[in-house]
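In what follows, a structure is listed as structure tokens, so that the remarks can point back to it.
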Amino acid sequence: MNVTGFYDVMPTTAPAMDLFNRTSIDMFNSTVFNETSTEAPDFRTWLTDIVMKRTALQGNFWQGFLASLSVVIVSELGDKTFFIAAIMAMKHPRIIVFAGAISALVFMTILSAAFGWIATVIPRVYTYYVSAALFAIFGIKMLRDGWKMDPNEGQEELEEVQSELKRREDQEEKEETLDMLEQGQAENKRRKRNAILKVLLQAATLTFLAEWGDRSQLATVVLATREDAVGVVVGGSLGHALCTGLAVIGGRMVAQKISVRTVTIIGGIVFLFFAVSALFVGPGE
């Protein structure tokens, strides 16, 4: 329709113009506000769902973070991986030992949390109560082990790990000496350049092997089935970093001061606390 045609159909008298304007405004208001009134509840519902999910996610994150942090600390303090880092730091640069050990521990934590997250395809009610039962079993076992443990258990384990590492290093030094005699000074210089990488890999390998199947790994898997996996990974990694850092800075002194028996008993109480609290809280949705 051209402009001339449009004005031809418009009313020309005042009463007709008023009626035309009121009708147009009513139609516009009806269209806009009816659409707004039908869409507004949907938008509010969508926004509310996002806020509620975000709040629940943050709550689950911190719950998983704190649970994983506490479980790792009571499990790893005075453990074999703790002594490995402590003894290696006495002979090698501390930062290299820490980097190798923590890289293995973080990788193990991510792997364990992934196993637990995959298990979430099972209905939550089953994994929730199974995890509570496993925490109860871990807690009872730790209390039993701590009750029967020799007060000098930590010192004995430290000496055991130290002798094992010494035997390994003696074997490696013997092989290096033979290679040096065969290949001369050039090979010796190359080996010195690779010394840092060797210490890094040794710390990572020994830590990974010692951690595989350990109580803290199993606890991480169990936690990831019932808590936020990201929170479990972050909390567990921080717990490992704290324990490993303490080991490389003053592992021998800590081993002589702390009682592994006491730490084990406290760990058992912490595990039982999570098991009992799970029964009161319930699996939720």
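Here the Cβ of each residue, glycine as well, is placed from N, Cα and C on the backbone.
From a predicted model like this one, the values you see are computed outputs, not experimental measurements.
What TrEMBL records for 95-119, 125-143, 195-212, 232-251, 263-282 is transmembrane segment. The feature coiled coil is assigned by TrEMBL to 155-187.
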Stretch with greatest number of CB pairs under 8 Å, the transmembrane segment (195-212) reference, 95-119, 125-143, 232-251 candidates:
95-119
Within-chain partners of the transmembrane segment (232-251) [C-beta distance under 8 Å, separation at least 6 from its ends]:
64-73, 76-77, 79, 81-83, 85-90, 94, 97-98, 101-102, 105-106, 109-110, 112-113, 116, 216, 220, 223-224
